[in-house]
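**Q** Handing you a structure now.
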Amino acid sequence: MIPGNRMLMVVLLCQVLLGGATDASLIPETGKKKVAEIQGHAGGRRSGQSHELLRDFEATLLQMFGLRRRPQPSKSAVIPDYMRDLYRLQSGEEEEEEQSQGTGLEYPERPASRANTVRSFHHEEHLENIPGTSESSAFRFFFNLSSIPENEVISSAELRLFREQVDQGPDWEQGFHRINIYEVMKPPAEMVPGHLITRLLDTRLVRHNVTRWETFDVSPAVLRWTREKQPNYGLAIEVTHLHQTRTHQGQHVRISRSLPQGSGNWAQLRPLLVTFGHDGRGHTLTRRRAKRSPKHHPQRSRKKNKNCRRHSLYVDFSDVGWNDWIVAPPGYQAFYCHGDCPFPLADHLNSTNHAIVQTLVNSVNSSIPKACCVPTELSAISMLYLDEYDKVVLKNYQEMVVEGCGCR
């Protein structure tokens, strides 16, 4: 479980140490004067100490995020559209945007129900042709999954392949082809030349006249590679056409870039392996309903309520220089709890019996402190980011948003 209060404290401290960012939304207005005073008194000692503390704070945050070091994404890193769509569905944004986006993506309820982490992997662009029959073509390709952490238990995996419609021949509208996905069980050096030792993972009969993504279950292979630590010799794809010559086979199932195709377009059409796993911390992914962003109104001149309640605190990842590897969200409303817990405690202050007793004793004995205004309900956020290996990760982090406050 990710400690949300610790996360907020560390982000605030990082913000203090970043010098020129004191006007950012991470620090409430009431705290900015104190920050300025701290900066003024620190003098020459501040520079060396702040850099050292900042490294410690950043290391703590990265550990909370399950990262060993700060990601330094390359300019060539690509965020698959599928992962962006999953994030929008997971965070509740897609329901508001689906009419304009028109993605038609179906949320993977079953795989997500056992996972709090989704990872995506592009295949290595070295393909090995496999001898086939006159009616089929086959290729072997490889996904490097070595960046999956040891403590993450994979529950399922899927292979996504993009295929384009075939418009050749008089019967193309009624035509079908079959796509078979295999796990390669033996390396080439141990095989009889020209033959693969494989096992079938998934198969599908599809129409020629449809352009779309196809999803195949490759969980048995990925579980062997990750849980059982068996060697990863890659996957094989076989495309069989019932009424086409071999020269037309496989051209519409996109597993390699065509010469006239731009790198940007190909980056979004490459085969994609997606894993669903759980690191043992927090709850699984659950699709959220869309939430309307709260509207901020200017403070009225009337006397403010000083009792315990929730206050706005927006965490902007650009304020701590993390917007280069955190894809979404750019920030989030974390909130914080602040205010008095006066005697007698009102019902709306969401107090415990112990807090009521403590407040009662405080009313006659001031040496006993009042009950404290603290979060009573916390919720998770979803984050889409690039890890230290340039792999795209969608992850749930628990206890990041204050939903309710009370006197405890």
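Keep in mind that glycine also has a Cβ here, set from the backbone N, Cα and C atoms.
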**Q** Check Swiss-Prot and name the cysteine among CYS14, CYS337 that pairs with CYS405 in a disulfide.
**A** CYS337
**Q** For CYS341, which disulfide partner does Swiss-Prot record out of CYS372, CYS407?
**A** CYS407
**Q** I need the least crowded one of these glycosylation sites (ASN144, ASN209, ASN350, ASN365), counting other C-beta atoms within 10 angstroms of each C-beta.
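**A** Across ASN144, ASN209, ASN350, ASN365, these glycosylation sites, the one with fewest Cβ atoms within 10 Å is ASN365.
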**Q** Can you tell me how far the Cα of ASN144 (N-linked glycosylation site) sits from the Cα of ASN209 (N-linked glycosylation site), in Å?
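**A** Counting only the Cα atoms, the answer is 33 Å.
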